[in-house]
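Asker: What follows is a structure written as structure tokens; I'll ask about it next.
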Amino acid sequence: DMQTDNVSNQREHLILLLANIHIRKHPKTDEHSKLEDNALDEVMKKLFKNYKKWCKYHGRKSSLWLPTIQQEVQQRKLLYIGLYLLIWGEAANLRFLPECLCYIYHHMAFEMYGMLAGNVSAMTGEYVKPAYGGDKEAFLKKIVTPIYCTIAQEAERSKIEKGNHSQWRNYDDLNEFFWSADCFRLGWPMRADADFFCQPLKPVDERNEGTIKADKQKGKVNFVELRSFWHIFRSFDRMWSFFILALQIMIILAWSEGGSLGNIFDPLVFKEILSIFITSSILNLGKATLDIIFNWRARRTMEFMVKLRYVLKFILAAMWVVLLSVTYAYTWEKPTGIIRTIKNWFGNGPDQPSLFIIAVVVYLLPDMLAAVLFALPLLRRKLEGSDYKLMRLIMWWSQTRLFVGRGMHESAFSLFMYTMFWVALLLTKFVFSYYVEIKPLVEPTKDIMKFPINHFRWHEFFPRAKGNIGVVISLWAPVILVYFMDTQIWYTIFSTLVGGVYGAFQRLGEIRTLGMLRSRFDSIPLAVNDCLVPVETSDARRKKGLRSNFKNRFKEMTHEDKEKVAARFAQMWNEIVSSFREEDLIDNREKELLLVPYVADQGLRVTQWPPFLLASMVPIAVDMAKDSNGKDRDLKKRIENDYYFSCAIKECYASCKNIINDLVHGEQEKRVINTIFTEVEKCIAEDKVITDLNMQSLPDLYNKFVELVEFLKKNDEKDRVAVIKIFQDMLEVVTRDIMEDQLPSILESSHGGSYQRPEGMTAWDNEYQLFQPSGAIKFPLEVSTEAWKEKVNRLELLLTVKESAMDVPSNLEARRRLTFFTNSLFMDMPDAPKVRNTISFSALTPYYNEHVLFSIKDLEEENEDGVSTLFYLQKIYPDEWKNFQERIEEELKDNEELKEEALRQWASYRGQTLTRTVRGMMYYRKALVLEAFLDMAKHEDLMEGYKAAGSISDEEWKSLIAQCEALADMKFAYVVSCQQYGNDKRSALSNAQDILQLMRTYPSLRVAYIDVVEDRVGEKQIETAYYSTLVKVALNKDSESAGPVQNLDQVIYRIKLPGPAILGEGKPENQNHAIIFTRGEGLQTIDMNQDNYMEEALKMRNLLQEFLTEDGIRQPSILGVREHIFTGSVSSLAWFMSNQEHSFVTIGQRLLANPLKVRFHYGHPDVFDRLFHLTRGGVSKASRSINLSEDIFAGFNSTLRGGNVTHHEYVQVGKGRDVGLNQISKFEAKVANGNGEQTLSRDIYRLGHRFDFFRMLSCYFTTVGFYFSTLLTVFTVYVFLYGRLYLALSGLEEGLATQRKFSHNHALQVALASQSLVQLGFLMALPMMMEIGLEKGFGKALSEFIMMNLQLASVFFTFSLGTKTHYYGRMLLHGGAQYRSTGRGFVVFHAKFAENYRLYSRSHFVKGIELMTLLIVYQLFGQTSHSTIAYIFVTSSMWFLVLTWLFAPFLFNPSGFEWAKILDDWSDWNKWISNRGGIGVSPEKSWESWWEIEQEHLKHTGTLGIIFEIILSLRFFIYQYGLVYQLTITNNNKSIVVYLISWLVILVMLVILKIISVGRRRFGANFQLFFRLIKFMIFVSFFAILVVLIVLLHMTIKDILVCFLAFLPTGWGILLIAQACRPLFRVTGLWGSVRALARAYEVIMGMLLFTPITVLSWFPFVSEFQTRMLFNQAFSRGLQISRILGGQKKERAASTKD
């Protein structure tokens, strides 16, 4: 009943899986064809672990019954595994519901068992038949489709209920239905009328909830995602309680006499401190209440026991509050205040302190138990994981019983490590908070409370408030906010330190420059051999500790061993170097200097290092020898000290000797030469070379030999005479000049200046014309082998390269990659297995519609400054462009078409394209083929070299390479999921062409897509069918005729889906549809913007071995890998972004994985344990909008289901990031929205409750806590400024200033100063500095830090603070997040003013203007001493924040200050503001449409959201209330009337505006004169009133300014309230007026922003400065932006042509 393609797909899957595991279990390659049981058992165990756990959870027997007959067992196991895979393979969207699959499998396996055993049904007396039998595609139609339809209907409702998750069931709710015992009521076959499938009859509406009671639809399950800030308290309640109680203790201590910590032993103080238990019980009550409110929607699906637990918790919490308060009241003899009241209620009995103590002990019992369990993680794991009834009852009270999140506790050692980390951190924080924030505030507070102030500057509503309570609140509020926020600051500091230490211990940055690479190069062959080459025999295990002294080990080895090491090293090293050349990172000369000889020259018996280490050493030695005058001290010292120097000399001598021996064939000549060499060697042995021979003429000999080598390279018959002449000349030089003293013992010419080797080789007695006869010299060589050419080339490099090759390779990227690779070889990594024993894996890339390959049109299209992408790339990567041209000239000569193709590829490899990603991933296959070759090849083959494989047409070679490729394909598969490929192909889009081209280039690439087909059903009906399709390229066998035309794709599998695949978030659905085509035990999730390198691919098999190691108490389920952000060179913003990102993916995650144990999955190139995840819901979650950042949920899910996420430093994968401010902001908005959704999610709630206390802290501060702290940071600024506004305008500040005892409060300022550090982004820079310091050296880190600040990095960080706050807060309140696609292009274009305005007006500009108003009012009316340093720091940091939020987008906008651009922008903005909106008008075109969309979130928010919005808007009315009384015109009148009159003024103004706008519509045409007259009258009367006010009531200019400051915020407040109550205003018909008012405000804001920019753009140097600042990175790489931005067209055209 399954689809045939599904069967064949899963058959291939299973066979590959079993084969791989079987080979790994039995490495011996004998004829072992029978499948081993233990391989089968391993797959069984992994696949069914979750299923068995599910059965145990429900207390059911599993359906895996094995037969009694031994022979049938294996077959039965295969059937069970096959059945599960078939169900999984066809389950489509049900794969997100792992326990639903368990349910289906449970019943189907039971049926299968019944059929196989031939059971007879008790009911009918027939053989058991499957419930859903027989038809074609029965499984899909009858089982998958009904459940799929339920999911789809819920998803439809999610579109209606945009922000409101509580109204529809997401994937999690549907899956968790199968955690409850109710799921078995569905029955088998499943009942179609079961309440699981029911939908509500009509859209649920809050108001008529009563009428829907009869509806059978199930509500939410286990959890309701309500939009509320309370989630943060509810998920992490233990942390907040802890902080609140600590604050209470600190305030009580600070308030006591003297405020020293010793006061805690004072009985009275101690008694006061005991009141924390009452606070704690009140918090518990709050928690219990929240639980009931938040779970109300899920009440229908809740089991009775769970409901009971919630109710009991609430009752008990309430009882404790009463009990503790009453017993506490009785501990006091003479109580005051509240305590007295309580005591009076309960009768004034004698005090009985013991009652309270007993109550507290009982209250604390559960916590004590929890503490014991915390210390014994093993016991806790056992308790939570157990399914016994008694245990369940014990655990029932502490937490609700869930299928996931049980027994997640780590080993005792990990527990100890992260506990120590947090204890140290919290101690530091509390000491700082106590001594710096809280204690200094206490004295001034006491003073303020003693002296009530009665002098107000406004109408005070509460003149008799006790103890200046308003002042106290406005002083303490910011400090308390900072107290809750600053743990994040301490976390950053501690994580930087600890992460740095861990990094150093992992040996990061040991090789970070070329110099370091050279100095350690001699140990690298061994390191490569040790890390990347499998060990032959088991006894040859290497000891880890010895890795550091590779150097000595290599020198001590025998020559044969050295040769083996060198041969393998040469293969890998040269493969890496040639990949550098193919990527155009190095040119041909650098490639030659970096290569190692493939074929070790047997005769030399010296180690051959790459020439870049030996360059220029031979010429230097020749010079030194020439000047030695018979004294050899200097030369000897140099040879002894410099290992490479002596290597160069020895190799040169041996090589020359070899070549001469090869060339000279005449008997007599040979005899002469041998005599000479014997003598020379004797001379060397006695160490007399320099003293006995005359070195003056050595250079002559050297020059001759260089000539000879050049002739050898050409190998041309015509040069024979010249060669003979050279030999004769050399002989003459040696015999006449060098050996003039000892003609008989001529032969002493060559060790000290091995350069004499050449001479040595040419010393012959000149009796008659030697070398003349025809057979004497063998030249030219008939067959010039590869090996010979390589040898001559190498010798030429040694002899002729004069300048030292210190800067090879010169390309920065090549250097970075080489140093990282060589450094990683010294880190701890598992030993490499042989390729056949490697864990198999696949990579999966979801792709939607981004660039595959840039087209020529894309590349040559110019932006408005006349800059094409190609030109830009040539300027950013000048060296790589040069190398590319060199390579193309060589390879393609004149083929224009291919050249064009190559150009497109070159550009695409530098953008964020699919081509780049695919090339990177296919390196895995290339690496596996090479490693397989090295594993299989015999020693002689290796000596021949892998290179030779290509050139030799030997059958044996061919079969060896074919074998290697087959093995690589068995171990690695790459699937790209291009969901649109089918449609693109039909529409003949270029994307489809390019993807096909990719499949041609890499035949083993597979592309999966969703095919949408119209199928005929019956006569007339047509239905749309959806298929998951996998294709590969169809390669023609007939290579002669194969034009590119015939290479089309060919379908491998087509699996029908129950409907459209994309129901939730796009990317996870896309991954999910293609995951059935992946193979192997590992799965690497790769995004579309990643890249990979050959040298990293070589280490993949080591990384995969990590799955077999125990990490703590679990095997890893996700292996984390570090990334390198490759977009840093585009502009300075891209550089900040990549630095920030880089520090997160390295130092941040290193710490998260170890010691904190809370690393999740962040959309990085992590490798998943595939079998673990495919039975637990896949590699991401897909519910709409709640799983907006889908990646991290895979980590949450993995951790909750008992997985383990690790992080490894020795592998890196490239990744691209956004580069322009607008893209970066969109990306940050997406992440902040995602975090807002995470805050509401059940995953975070469960982690917060199921982790132990300290791991929960780590989890909070590294996920949602970071965003919440950011929000608090900004909120603190608001609270501080509004508090100041209140003090200044009410006259309280003035009153306090006259009290001499009220000194200036430093505590507040210190608190704010520490908070403004966050604001300025210094904290973001800390981890960054540490990581750069580790990897590049601390000097470099410092200089980078200074450079970044010169380029205004802090402006960027402060700006992004605003982005995070706005989107996170809005998401939590109202929801309605959209997935923002961020551009991945190169940003060198100017963003229009209107575009910036649309993007940032709500998130930054409005807030910036509000803060600016606050600051101005405070400057005008505040009384503070403006001199203290702290004050200046605080206000200046706030001004900095304001200016950044207002002007950063224009600062970072390319050519943002160019006069011509400014004029365009202005007209564009005018057009936008004045355009009418309407249906179908895009927000880019008209302000009205944009304004409607900006309030979209208010439509979907709940009642609470609207109320909250209105309360927040009330703050704008304070200004008017306060400022009206400040006017000189009011003449110190304090009555409320003044305030009411000011409202009258506003109303009059609004009415007049309304009259004018109505008048314009009604009378504009007919009564034009009359209308104009009215307008004129209004204008005149306005002026008249102004004059009267100035003359009679002495109104001043300051008053006019103050009026503006007073009335503008009021209008804005009215606007916000109107927007929140939109339906109301719609009904009353005032919406048009609201819109007009809103437009007026937008115009004012636009003017405010535009004016300074315009003024600045008058000065030409501003634009210059800005360009330099923005593109500094590119400048330092020789990019003249001025040419780009201002160059003449002609010059440009010319430059692109060459």
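Just so you know, the numbers here start at 1 and follow the chain as drawn.
Glycine is treated like the rest: Cβ placed from N, Cα and C.
According to TrEMBL, the protein has these features:
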- 75-191: domain '1,3-beta-glucan synthase component FKS1-like' (DOMAIN)
- 239-256: transmembrane segment (TRANSMEM)
- 355-378: transmembrane segment (TRANSMEM)
- 415-436: transmembrane segment (TRANSMEM)
- 467-484: transmembrane segment (TRANSMEM)
- 1264-1287: transmembrane segment (TRANSMEM)
- 1341-1362: transmembrane segment (TRANSMEM)
- 1428-1448: transmembrane segment (TRANSMEM)
- 1504-1524: transmembrane segment (TRANSMEM)
- 1536-1557: transmembrane segment (TRANSMEM)
- 1569-1593: transmembrane segment (TRANSMEM)
- 1600-1620: transmembrane segment (TRANSMEM)
- 1640-1661: transmembrane segment (TRANSMEM)
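Burial and contacts for the listed features, if you can.
Answerer: Across all of the domain '1,3-beta-glucan synthase component FKS1-like' (75-191), the predicted model scores a mean pLDDT of 86.
If one looks beyond the transmembrane segment (239-256) by at least 6 residues along the same chain, the residues whose Cβ comes under 8 Å of a Cβ in the stretch are 232-233, 263-264, 266, 269, 272-273, 275-276, 279-280, 283-284, 430, 433-434, 438-439, 441-442, 480, 483-484, 487, 1253, 1256-1257, 1260.
Remote same-chain partners of the transmembrane segment (355-378), defined as residues 6 or more beyond its termini with a Cβ less than 8 Å from a stretch Cβ, comprise 274, 277, 281, 320, 323-324, 327-328, 330-331, 397-398, 409-412, 415, 1252-1253.
For the transmembrane segment (415-436), same-chain residues at least 6 beyond its ends with a Cβ under 8 Å from one of its own Cβ atoms are 246, 250, 253-254, 261, 374, 377, 409, 483, 486-487, 490-491, 494, 498, 1154-1157, 1252, 1254-1255, 1257-1258, 1307, 1310-1311.
Residues 232, 236, 470-471, 473-475, 477-478, 481-482, 484-485, 487-488, 1232, 1235-1236, 1238-1239, 1244, 1293, 1296, 1308, 1312, 1315, 1318-1319, 1361-1362, 1364-1365, 1368-1369, 1407, 1411, 1414-1415, 1417-1418, 1422, 1438, 1441, 1515, 1518-1519, 1522 of the same chain lie 6+ residues outside the transmembrane segment (1264-1287) yet bring a C-beta within less than 8 angstroms of a C-beta in it.
Long-range contacts of the transmembrane segment (1536-1557) within the same chain, counting only residues at least 6 positions beyond its ends with a Cβ under 8 Å from a Cβ of the stretch, are 459, 1520-1521, 1524-1525, 1530, 1575, 1578, 1606-1607, 1610-1611, 1633, 1636-1637.
A Cβ distance under 8 Å defines the sequence-distant neighbours of the transmembrane segment (1600-1620), meaning residues of its chain 6+ beyond its ends; these are 1410, 1413, 1416-1417, 1420, 1495, 1498, 1506, 1509-1510, 1512-1517, 1519-1520, 1522-1524, 1526-1527, 1542, 1545-1546, 1630, 1634, 1637-1638, 1641, 1644.
Packing against the transmembrane segment (1640-1661) from elsewhere in the chain are residues 1393, 1397, 1401, 1405-1406, 1409, 1446-1447, 1450, 1456-1459, 1462, 1466, 1469, 1473, 1487, 1491, 1608, 1611-1612, 1615: each is 6 or more residues past its ends and has a CB under 8 Å from a CB in it.
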Asker: Mind tallying the domain '1,3-beta-glucan synthase component FKS1-like' (75-191) by DSSP state, helix then strand then coil?
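Answerer: DSSP classes over the domain '1,3-beta-glucan synthase component FKS1-like' (75-191) add up to 82 helix, 2 strand, 33 coil.
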